Amino acid sequence: MKGYYFITGIDTGVGKTYVTAGLLRVLSDAGLKALAVKPVQTGCKEKSGSLIPDDPVEYARLNASHFPNGYPDACCRRFVPACSPHLAAQMAGEHIHLDELVHEISAKGEGYDIVLVEGAGGVSVPLNDKHTMLDLMQRLDCPVIIVADNKLGMINHTLMTIESVRNRGLDVAGVIINSTTPCIEDAALRDDNIAAIAHHGDVTVLADIPFRSNQHERDEQLIQRLSPVIDTLVPEVDSHEENLIFDRDHLWHPYTSAVNPLPAVKVRSTRGTRIILDDGRELIDGMASWWCAIHGYGHPVLERALHRQAGRMSHVMFGGLTHNPAVELGRRLVSMTPDGLDHVFLADSGSVSVEVAIKMAMQYMQADGQPNRTRLLTVRGGYHGDTCGAMSVCDPENGMHHLFSDLLPSQLFAPRPSCRFDAPFDPASLQEITRILDAHSHEMAAIIIEPIVQGAGGMRFYHPDYLRGLRQLADAHGVLLILDEIATGFGRTGKLFGCDWAGVAPDIMCVGKALSGGMMTLAATLATRQVARTVSKNGDVFMHGPTFMGNPLACAVSNASLDLLEQSDWQPKVHAIETWLEEAFSPCRHLPGVNDVRILGAIGVVEMSDPVYVPRLQKFFIENNIWLRPFGKLIYAMPPYIISREEVAHIGEVVAQAITQKQYTK
Ligand SMILES: *Cc1c(COP(=O)(O)O)cnc(C)c1O
């Protein structure tokens, strides 16, 4: 049992230390092993060579019975100047590193039941040039107790503090009101302050400590008023195990058995390139949550966009209504995608955007007076999603065709592109698909393919000339070309879109995954003016309209994500990651059991000769602090674009170790 609480004031000088010392006392009185930690103490006095905090007297006085040998030294950093920690540190020629500070706090808290972490000043006090006290709270990920002194202006300060804390995803455990001066003598005023905070802040006022001019009386009041608070503070029994059992017994995970699932690992939070597990272990993320989290997790710009939009409007139906987030996103997508894609359909997931693309192609042919053109042509080894239309064009063997053969329309399949990305183009690779087009184009509406990278169907990279060839074939046969850029879009391959490698534009294009930077589910289907006009000929309408179409939250966060991408140096960064992945995975090339190693952009693939045993491999990866999710014969990484060279190198080392030690076998 270990409970951390962060204690912050609404401002400096509100009696935060006094209240913390009181809490420490009542927790100790209740038989708990409690500790108060002060991460940063400014305004220290120099005394016989060491820095002594100004107010340990309060701790000492209130806790003498539990710490007869003096209160344990629980200050992490001490500085003489009585000013903000960032400045005090700077004046002392030091720098406060957040990670180090968190580490020191945890080290001090080792072995205690309850740890009270006392902030400095208010929540937005800077610790260094990047972080404030809120970042420290967020890092510690614990409930927050807010100390407010009862005076004019305290409602405002307290409510602002509550809002800031909640915006970081933290719980406010409650507010403790401490009257530091007799200034509010009027009981009605004082009571109203308390009521207003509880009401507007939707918080519990845990205690109200009245002013007493006599120190002894005041201390007595403090202990008396704080005593009942501990019932709220004693940490609840950890439900970690229970939740994992419920998860195992009741929740379906992707492609997983309901009765004998692979073990799921519980995540507490994510940050930057890291996934933080429930037990505090940090994993380097090599998956970007399946291509999505290109800017890493918890990017402040994306979080701000989400909060801002949530404050205005989370959702409103798109039928007959519109809003700026959707319009802005449409404008961005039209301008950043290849020329000609001028019409945007916002869908709620990649699979749905593929359904939309297929339906567009069908309606196009009907409106064009070619109602017999209903089939799709694709290549083997593709993946386009899990809904019915999308499934019908997934690889017929790896995919789910045998299970759903009665449900799925029968499509046309050419062999998977045999031309490697990194080898000279072999025109013969287009032979079979050309033959199929010659024989079947009269019944064909569209060709659908993932440009350059076949993702979930095998992580293979094919030659841009193949895509160029398909564009010409589609034109020659009057069929539409649908490019599924859901995995490849937004820089992943080293070009903004996969099709940019070939310099071709599709008639219909699907984007998703990284579109929202991994924050929300959103996808889009773009079509050329010609496709859109034809579909809408004779007053016809396009027959699709998801309930959550154009969701404002998803659009707002996508706009922010695309802004970030455009403003970042994503292309040099992806090229650098390509080099790092090459360095990291090259040593695997010659290891026994490895069939192929291939890298393109921020995608690194180690293909084994046989399927790997995922549970063991996953366990090994976690033990070595990386997160990869192999499937079939593939161990692969597609990290966030903010990953560092060292992190990529670590992923490579662990993968090589796993292969050398045969951690991939049963
Ligand atoms: C992931 C993916 C999809 C499906 O997207 P969802 O959001 O999972 O429905 C479709 N096509 C490709 C190429 C993908 O990688």
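From the backbone N, Cα and C atoms, a Cβ is placed for every residue, glycine too.
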TrEMBL has G350, S351, P546, T547 down as binding pyridoxal 5'-phosphate; which of D285, D475, D484, D610 does it also list for that site? D484
Which value in Å gives the longest Cα to Cα span across the substrate site residues T42, W290, Y383, K513, G545, R629 as recorded? 59
If the criterion is a C-beta within less than 6 angstroms of any ligand 1 atom, which of the binding-site residues G350, S351, R629 pass it? List them in sequence order. G350, S351
Are there recorded positions among K38, G350, D484, P546 that sit within 10 Å of G119 (ATP binding site), Cα to Cα? If so, list them; otherwise say none. K38
Hey, of T17, S179, G350, which of those binding-site residues are within 10 Å of K513 (substrate binding site), Cα to Cα? G350
Compare the C-alpha of G13 (ATP binding site) with the C-alpha of each of the binding-site residues E118, G350, S351, P546, and give the closest one. E118
Could you work out which of the recorded positions (K38, K513, R629) has its C-beta surrounded by the smallest number of other C-beta atoms within 10 A? R629
Rounded to a whole angstrom, what is the largest C-alpha distance between any two of the residues G350, S351, D484, P546, T547 that the record assigns to pyridoxal 5'-phosphate? 23
